[in-house]
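Chemist: Handing you this structure, nothing more for now.
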Amino acid sequence: MATRAVARFNPLFLRLFVLLPILLLFLAAKGSGGRIISPPAEDLLVSDGVNPGGKSGYSPFPLLRRITRSSRFSSAEGCEQTYGFLPCTTTVVGNLFLVLAYGFLMYKAATFLSGGSELLLEILGPGIIGGLFLPILGALPDALLILVSGLSGSKEEAQNQVLIGMGLLAGSTVFLLTLLWGSCVVVGKCDLSDNLISIDSKDTRGFSLFGSGVSTDLQTSYAARIMTISILPFVIVQLPKIFKFPSGQRLTILITIIISVGLVISYCIYQIFQPWIQRRRLAYAKHKHVISGILRHAQMQALGRLVASDGEPNKPVIEKLFYKIDLDADGVVSRSELRAFIIGIQFENIDLDEDDAVDRVMAEFDTSGNARIERNEFILGISNWIKEAKRTVENSGSYSKKFVHDFHMKTKEQHDLLIDNSDEGVEEIENPTMVYVKAILLLLLGTIIAAAFADPLVDAVDNFSLATNIPSFFISFIAMPLATNSSEAVSALIFAARKKKRTSSLTFSEVYGGVTMNNTLCLAVFLALVYLRQLQWDFSAEVLVIFLVCLLMGLFTCFRTTFPLWTCLVAYLLYPLSLILVYILDFKFGWS
């Protein structure tokens, strides 16, 4: 997610959201009687570097043979040090620590890549960056992990370790469409009107399965349709298995790679020439800038401190602001009075549509729907804005003048990062050279971290699998998506917590976009790995799970724009069912 917003969801809910997959990981230990997931003990011997036919450490690529000989260094404890110097262990707790440590580094890599791409938006505009680079950079950590899962080592080792890559590919897609999708419905739910449309910011029915939910716009359903189309490569690659034509599997994999790459290019071109997600994100940033401008104006007019000594919004000061806007003193703020007030505020470096800003403030404050803002509505609306501003700049303390200034500068920065250069002049960007250098450095740092620690993370997962007898597929399916998608997941929940149709649309659009890149770019990387290493295609159960989840959620979301709360139960249920299906097909029916 390229933009960060403010959250209003329970921290306990976020903890449960993260702990649920970890609980399922330990329950998956019962599947330890399945196929071999790591090479036998004799395969762990170090190659002498002379006999290329030996299993241990051999790779058809000369450079990888050198890397393999140094990285597969046997320590006194019996484990293998990645790159010959990174720590390793044979204990469960030790390997769990390494998985968490390397997973955190992959999370930081994803954060740096996201930050760098956001900064590039300021210079090159969302049409190119948002459409081309952002989707690819967002999928880069997953793609690198998939690549290194079977790139080095002997063919037998690669065949076993590549299960980690397939587990990440399947787990990331299922995670986005089940746990994350359902959680966004829960935190973003609002009351549903009689015509089944969510009412922005109104959540009075609690956890009513049919009376509350979320609504999105029509363009979001288009993103869901694109996601559904993206499962086509999974169907194509399985055709030799379906029609029992094994001799054509290698050619089919090559054809599927070409089709997957073509879909990636088509998707990026679509985002470039139809950058509606970026335009909507820019409009949202402008709205936040209006919020900060009004709060800053009230502070500068010396009406008093907006925050009382107890840290809560100062209602008497907010009342003074209300009476100042109410020019005719009739006890309500009309559209014309609100428009006059907004016009009087100097919004620097922002092309503000006053009428649009008035519409947004009226929609957010006028909860009674009488086209006027009453005193209590105004106090409640401004109080929510103040709380939102404090959460955005938590380190600014409770002193109202400081946090209002910090919030104003932060929203101005977010707006500047999202300026579409085709609509606004480049001259508004201050010191573009420094911004460009910073963006490049962040992108390089994120790429280096992801490339350096992808292989250690895969090794740690494999060692943890050996230590616990949990199949490596289930570890990578459950744990690794938390490392590569946690930043996007938190951002999605933050956006959904705004309880607005607009932000919900952006949230689900980005979820569908992430799945689309998994189904195209990440699959292309995985297939290229299988093709170049001449590995056996033995992933029918995993492909079936991805296909079913994407198809069910795609058909469920591409023809509707309102999702009642009960739909989150369907999404949540698909997650454990996916694990159960893989377990049954692989370990009971012997599909693999």
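Cβ coordinates are placed from backbone N, Cα and C, and glycine is handled just like the others.
Residues or ranges marked as domain 'EF-hand' by TrEMBL: 313-348, 353-388. Per TrEMBL, signal peptide is recorded for 1-33. As annotated by TrEMBL, transmembrane segment applies to 83-107, 119-141, 161-187, 222-239, 251-273, 435-454, 474-497, 509-533, 539-559, 566-585.
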Chemist: Is the count of Cβ pairs under 8 Å between the transmembrane segment (566-585) and the transmembrane segment (509-533), pairs 6 or more apart in sequence, 3 or more?
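Modeler: Since fewer than 3 Cβ pairs under 8 Å link them, the transmembrane segment (566-585) and the transmembrane segment (509-533) do not come into contact.
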Chemist: Under 8 Å, at least three CB pairs between the transmembrane segment (161-187) and the transmembrane segment (539-559) (pairs 6 or more apart)?
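Modeler: Per Cβ check, the transmembrane segment (161-187) touches the transmembrane segment (539-559).
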Chemist: DSSP helix, strand and coil counts for the domain 'EF-hand' (353-388)?
Modeler: 26 helix, 2 strand, 8 coil
Chemist: Over the span of the domain 'EF-hand' (313-348), how high is the average pLDDT in this prediction?
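Modeler: Averaged over the domain 'EF-hand' (313-348), per-residue pLDDT gives 81.
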Chemist: At a C-beta cut-off of under 8 Å, are there same-chain residues at least 6 beyond the transmembrane segment (539-559) that contact it? List them, or none.
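Modeler: Answer is 166-167, 169-170, 173-174, 177-178, 181, 221-222, 224-225, 227-228, 230-231, 234-235, 237-238, 241, 473, 508, 512, 515, 519, 567, 570-571, 574, 578, 581-582, 585-586, 591-592.
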